[in-house]
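Chemist: Per TrEMBL, the features are:
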BINDING   B:Asp76, B:Asp78, B:Asp80  Mg(2+) binding site
BINDING   B:Cys77, B:Cys93, B:Cys100  Zn(2+) binding site
DOMAIN    B:29-102  domain 'Phosphoribosyl-AMP cyclohydrolase'
2 protein chains.
Amino acid sequence: MKFDPETLVYNDQGLIPAIAQDETGAVLMMAWMNIEAVKRTLETRRVTYWSRSRQAFWIKGETSGHIQRLIDLRVDCDADCLLMIVEQEGPACHTNRRSCFYTSVLEGDAVELMAPMA
Amino acid sequence: MKFDPETLVYNDQGLIPAIAQDETGAVLMMAWMNIEAVKRTLETRRVTYWSRSRQAFWIKGETSGHIQRLIDLRVDCDADCLLMIVEQEGPACHTNRRSCFYTSVLEGDAVELMAPMA
């Protein structure tokens, strides 16, 4: 069956959450896409989000070089969340860490799991 | 540093997205939590979401038995998304599949990657 980005469920701001995971299984980040960002990501295979703060397309890595190449796009059962398997160039996080999820809650404390990449 | 659920960034409905991943690295689902759900999840180690459709707490697996035991809770760099490493009992998806992300977009087609569990 042909995939149609129109069939995805967007929130009242026209956005859908998109999770990026690398090939090792590490979850790198979560950001948002509008329908046009979904289409551009599929067409260009360069992951393109919608920046809510800048209200603009955000081609991941366009300024930093830390691009995400799309390997696979997956849709969840109720079509309101995306999971992308990506090839990540360098760190995904703006703090220079591989993943944005570098803080763990351990016995009530917030603990940093990883250091910024060199 | 002590972790305080008050420091998380909730949306205008008081909710934060929470991604569940199992120990093999498979991303199982994404759902939403309010601050009380975050607290209950940390206290009980049983993953508890907020059901937007039912407007009620949703202790995952309470009726189905397909519970999620919390192994680790992680917070992202801007504190507006959670990643949970969980031990998943049976399928995470209401369609009886291990993961909700069972549909892949391959060369423009929506393709099912996994069958319901027996």
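Along the chain as shown, residues are numbered 1 onward.
Any Cβ shown, glycine's included, is placed from N, Cα and C.
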Chemist: In the structure shown, which of the binding-site residues B:Cys77, B:Cys93, B:Cys100 has the fewest other Cβ atoms within 10 Å?
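Modeler: Looking at the binding-site residues B:Cys77, B:Cys93, B:Cys100, the Cβ with the fewest others within 10 Å is that of B:Cys77.
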Chemist: My understanding is the cutoff is Cβ-Cβ under 8 Å with a sequence separation of 6 or more in the same chain; which residues meet that for B:Asp80 (Mg(2+) binding site)?
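Modeler: Long-range Cβ contacts: B:Leu8, B:Val9, B:Tyr10, B:Asn11, B:Ile16, B:Pro17.
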Chemist: By Cβ count within 10 Å, point out the most packed of the binding-site residues listed: B:Asp76, B:Asp78.
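Modeler: The most densely surrounded of these binding-site residues is B:Asp76.
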Chemist: With DSSP, how much of the domain 'Phosphoribosyl-AMP cyclohydrolase' (B:29-102) is helix, how much strand and how much coil, in residues?
Modeler: 10 helix, 29 strand, 35 coil
Chemist: Whole-number Å only: compute the distance from the Cα of B:Asp76 (Mg(2+) binding site) to the Cα of B:Cys100 (Zn(2+) binding site).
Modeler: 22
Chemist: If you measure B:Cys93 (Zn(2+) binding site) to B:Asp78 (Mg(2+) binding site) at Cα, how many Å is it?
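Modeler: If we compare the Cα positions of B:Cys93 (Zn(2+) binding site) and B:Asp78 (Mg(2+) binding site), the gap is 28 Å.
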Chemist: Between B:Cys100 (Zn(2+) binding site) and B:Asp78 (Mg(2+) binding site), find the distance joining the two CA atoms and give it rounded to the nearest Å.
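Modeler: Each residue's Cα considered, B:Cys100 (Zn(2+) binding site) and B:Asp78 (Mg(2+) binding site) end up 26 Å apart.
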Chemist: Average the per-residue pLDDT over the domain 'Phosphoribosyl-AMP cyclohydrolase' (B:29-102) and send me the rounded value.
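Modeler: Across the domain 'Phosphoribosyl-AMP cyclohydrolase' (B:29-102), the average pLDDT comes out at 97.
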